[in-house]
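Peer 1: So that we are looking at the same thing, I have put the structure below in C-alpha cells.
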Amino acid sequence: MTSVAKVYYSQTTQTESRPLVAPGIRRRRVLTKDGRSNVRMEHIADKRFLYLKDLWTTFIDMQWRYKLLLFSATFAGTWFLFGVVWYLVAVAHGDLLELGPPANHTPCVVQVHTLTGAFLFSLESQTTIGYGFRYISEECPLAIVLLIAQLVLTTILEIFITGTFLAKIARPKKRAETIRFSQHAVVAYHNGKLCLMIRVANMRKSLLIGCQVTGKLLQTHQTKEGENIRLNQVNVTFQVDTASDSPFLILPLTFYHVVDETSPLKDLPLRSGEGDFELVLILSGTVESTSATCQVRTSYLPEEILWGYEFTPAISLSASGKYVADFSLFDQVVKVASPGGLRDSTVRYGDPEKLKLEESLREQAEKEGSALSVRISNV
C-alpha cells in the first residue's frame, strides 16, 4: 500500500504537490536581491482588525505618501470636528446672531457666530496661535471643559504621530542600504578546500559592531514518510579567514562556506547552475552611532552561483599609504582553477554573466573536439 504524499505550507495543508520551479515558468525567489520579502499573504481572517490592533507598527510600516496624507487629514479632521462641537455649543447657548441674543448677552466664545468662526477658533486653540480676537468667557463652564478636552486629546495625537515619524526616520533600514552584497556567489578552492564565497562591504566609515553572516538554504524536502516540505530551511555557516564570530567590516570582506561532507550544499548541482533551491544570506550587526540592531538580507539562485571563479581583488594601497576600496571591482570575478581539475593559467576579468556563457560555450566545444576561440573582454 503506497502512502499518500502530503505537502506542508506555513499554516496550510494541501493535497497537491508542486515544485518551486515548474517547467516553462521563470524561477521565483522568496527574497529579492535587495532583501525584501517576495511572499504574498492571502486569505487572512480579520486582516484589517489585526493591523488596527497594532497601530504603532502599522503606521511605522506605512509608506511615506500615505503617512503624510494621514498626518494632514488627521489634523484637518480634528480642527473641523472640534469646530463643529464649538459651533453646537454656540447654538445651544444662543450665541448666534440669527438667534437674536439680547444686548447684554455674554457668549461662551466671543466672536464665534458662524461655523467658519468656530473652525478658526478650534484651529487657533489647537495650534496655540492665540490671536486674541476669539476667546472663551467665564459664562459657560462647558466651553472650558471642552477646551481642556481638545488640548489633551490633540496633544496625545500629536505625540503619537510625531513619534511614528521619528521612529520611521531612525529605523536602521536606511543604514542597511549602505551594506552591499556581491551580485554573485562563487565556488572555488580556498586554502585547499572547496568553498562557496560571497563578498560583503560596508560603504560607510561608521562601523557595524558584532557582525555575523548566516545562511539559509531553502528547497523542497521530502521526508521518510513521503511528506514534501515546501521551502525547508537548512542552516549554512559562513566565516572569514580568521574564523572570528565578529569580523571587522572596515573593508570589503569575503565570507567562505566550506563545501565538505557536512555541508548542506554538497549534493546540490552548483556547477551546472541548475536546481530548485535558493540560498538566503543574512548579515546582522549593531549600528555604532545609534546602537540599533541592523539586518541586511539577499539571496542567490542557482544561476547566480558561478563555478570556478574568484572575486577580483578590490583593495589597493595608495601612494599616500591609505587603503583604497575600489567598488567598481566589487562584483567582478576572475576565472581560476576549475574545482576538481587543473588550474587555468589564463586570468579573465569581466561581467559574470558573459563569463559564464563563454565558459559554457568553451566546454561544449571541447566535448565536441572542435577548437573554439572565444574572446573575453575586460569590461
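Any Cβ shown, glycine's included, is placed from N, Cα and C.
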Peer 1: In Swiss-Prot, one of 92-97, 128-133, 176-181, 296-301 is tagged motif 'Selectivity filter'. Which stretch would that be?
Peer 2: 128-133
Peer 1: Within 10 Å of Cys140 (disulfide bond) (Cα to Cα), which of the binding-site residues Cys211, Val213, Gly215 do you find?
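Peer 2: Within 10 Å Cα-Cα: none.
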Peer 1: Could you tell me how many residues in the topological domain 'Extracellular' (132-140) are helical, how many are strand and how many are coil under DSSP?
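Peer 2: Per DSSP, the residues of the topological domain 'Extracellular' (132-140) fall into 0 helix, 2 strand, 7 coil.
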Peer 1: Tell me the Cα distance separating Cys108 (disulfide bond) from Thr214 (ATP binding site), rounded to the nearest angstrom.
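Peer 2: Approximately 67 Å lies between the Cα of Thr214 (ATP binding site) and that of Cys108 (disulfide bond).
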Peer 1: Just to be sure I understand the packing, how many Cβ atoms besides its own are within 10 Å of the Cβ of Thr214 (ATP binding site)?
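Peer 2: 13, counting other Cβ atoms within 10 Å of Thr214 (ATP binding site).
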Peer 1: Could you tally the C-beta atoms, other than its own, that fall within 10 angstroms of the C-beta of Cys140 (disulfide bond)?
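Peer 2: Cβ-Cβ neighbours of Cys140 (disulfide bond) within 10 Å number 19.
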Peer 1: Using a Cβ-Cβ cut-off of under 8 Å, list the residues of the same chain that are 6+ residues beyond the ends of the topological domain 'Extracellular' (89-114) and lie near it.
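Peer 2: Long-range Cβ neighbours of the topological domain 'Extracellular' (89-114): 121, 133-137, 139-140, 142-143, 146.
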Peer 1: I need the nearest neighbour of Cys108 (disulfide bond) among the binding-site residues Gln212, Gly215, Leu217, using C-alpha distances.
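Peer 2: Given the candidates Gln212, Gly215, Leu217, the nearest one is Gln212.
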